[in-house]
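Visitor: I grabbed these lines from TrEMBL:
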BINDING   A:GLY13, A:SER19, A:ILE20, A:ASP67, A:VAL68, A:ILE95, A:LYS164  NAD(+) binding site
BINDING   A:ALA98  substrate binding site
Amino acid sequence: MGILEGKNILVTGVLTQDSIAFHVAKIAQEQGAQVLLTAYPRRGLTERIARRLPSGPDAAPPVIELDVTNATQLAELPDRISEHVPTLDGVVHAIGAAPQTALGGNFLHTSWDDVGAAMHASTYSLKSLTVACLPLMKGGGSVVGLDFDASQAWPLYDWMGVAKAGLEACSRYLARYVGPQGVRVNLVAAGPLDTPAAKGIPGFQEVAGVWGDRAPLGWNTADPVPAAKACVALLSDWFPSTTGEIVHVDGGVNIIGA
Amino acid sequence: MAEITDDIRERVKKIVCDILEVEPAELTETTVYTEEFGADSLAVIEILTALEDTLDVSIDQAEAPRMVSLAGIYDVLAEA
């Protein structure tokens with residue numbers, strides 16, 4: 001029996017088979033969960049990738065279009081989910097986006113409009129998505145978000161780093177507000193991974209090189225499974241009193257001074 | 001996939017037109033659709049994925065930058 005047996009899990013951010021979210025959905029299914037996906041910006045792509053999950057092409061999970069910055073789609077989300085399952089036990093936030101001007105060394109000159117767009121999609125969306133799903137988590141649940149360690153300033157990551165720092169704070173405040181409903185909110189801070197999202201991040205190779213040099217456990221940028229397993233563990237009943245936490249899945253880099 | 005037959009060319013063109021929502025007449029073999037129609041990298045990945053599903057081939061995503069025109073796709077498929 002899997003650790004997510006009988007649970008309904010909503011997973012955002014499945015773009016390709018290289019997405020961390022794809023592996024979360026895959027392992028969640030293997031652990032017994034019924035998985036639903038949201039898709040943005042290309043629903044057709046997510047639907048094709050969904051058919052490659054263990055459930056197979058004939059029983060692929062439902063795919064719901066969701067732009068987390070679209071208030072109408074957020075308001076309609078519980079109804080769209082209820083067409084498939086009556087309740088949710090877990091939500092995976094694997095969403096981050098920023099205009100190119102917000103990364104790459106332009107930090108001192110990025111406009112508020114572009115910073116605001118990054119914050120809306122990458123930070124505020126954790127709150128928006130969680131609140132949208134709360135009516136379906138009356139019996140409690142687990143929200144897990146994907147983070148990149150925001151306690152330090154990385155080369156070229158710029159406003160996306162600020163957005164991730166905001167995500168970490170947002171997660172703590174959310175944990176405080178939704179805890180009384182039995183909903184836990186935690187983040188997984190993964191090391192650098194070769195995901196579709198990483199392809200748009202300038203300086204990725206430079207940062208990935210740091211991991212190769214410093215991770216006590218070593219680090220494979222091509223292996224999203226450790227981060228995905230941590231997400232599944234946090235979605236399960238095995239962290240019943242853990243909330244507002246950041247679990248580092250980074251080969252140990254965050255604890256190394258030099 | 002050694003030979004790119006007319007049938008395969010036709011199927012590829014239909015996939016690309018469907019995903020990019022363009023008319024077949026608008027897409028020549030050398031049209032670079034990332035420039036002509038503003039298709040982004042995820043649109044190219046969707047095309048790649050659809051080709052894998054339809055033609056039962058496996059294509060490395062590292063090939064995506066070459067797959068921005070029908071001619072580029074045929075080249076990649078010939079090597080797949």
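In case you wondered, yes, glycine gets a Cβ from its N, Cα and C as well.
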Visitor: Reported as an integer number of Å, what is the Cα distance between A:ALA98 (substrate binding site) and A:LYS164 (NAD(+) binding site)?
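Guide: One finds 11 Å between the Cα atoms of these residues.
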Visitor: For A:ILE20 (NAD(+) binding site), which DSSP three-state class applies?
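Guide: Where A:ILE20 (NAD(+) binding site) sits, the three-state DSSP reduction gives helix.
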Visitor: Among A:GLY13, A:SER19, A:ILE20, A:ASP67, A:VAL68, A:ILE95, A:LYS164, recorded NAD(+) binders, what is the largest CA to CA distance in Å?
Guide: 19
Visitor: Report the same-chain neighbours of A:VAL68 (NAD(+) binding site): residues 6+ apart in sequence with Cβ closer than 8 Å to its Cβ, ordered by sequence.
Guide: A:THR12, A:TYR40, A:LEU74, A:ILE95, A:ALA121, A:SER125, A:SER128, A:LEU129
Visitor: Within 10 Å of the Cβ of A:ILE95 (NAD(+) binding site), how many other Cβ atoms are there?
Guide: 25
Visitor: Tell me the Cβ contacts of A:SER19 (NAD(+) binding site) under 8 Å, same chain only and six or more apart in sequence, or just say none.
Guide: A:GLY13, A:ILE49, A:ALA94, A:THR195, A:PRO196, A:ALA197, A:PRO224
Visitor: Let me check the 10 A CB neighbour count of the residue listed as 'substrate binding site'. How many other CB atoms are there?
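Guide: The residue listed as 'substrate binding site': 24 neighbouring Cβ atoms within 10 Å.
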Visitor: Among the binding-site residues A:ILE20, A:ASP67, A:LYS164, which residue has its Cβ surrounded by the fewest other Cβ atoms within 10 Å?
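Guide: Per-residue Cβ counts within 10 Å for the binding-site residues A:ILE20, A:ASP67, A:LYS164 bottom out at A:ASP67.
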Visitor: What is the number of other Cβ atoms found within 10 Å of the Cβ of A:GLY13 (NAD(+) binding site)?
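Guide: Result for A:GLY13 (NAD(+) binding site): 26 neighbouring Cβ atoms inside 10 Å.
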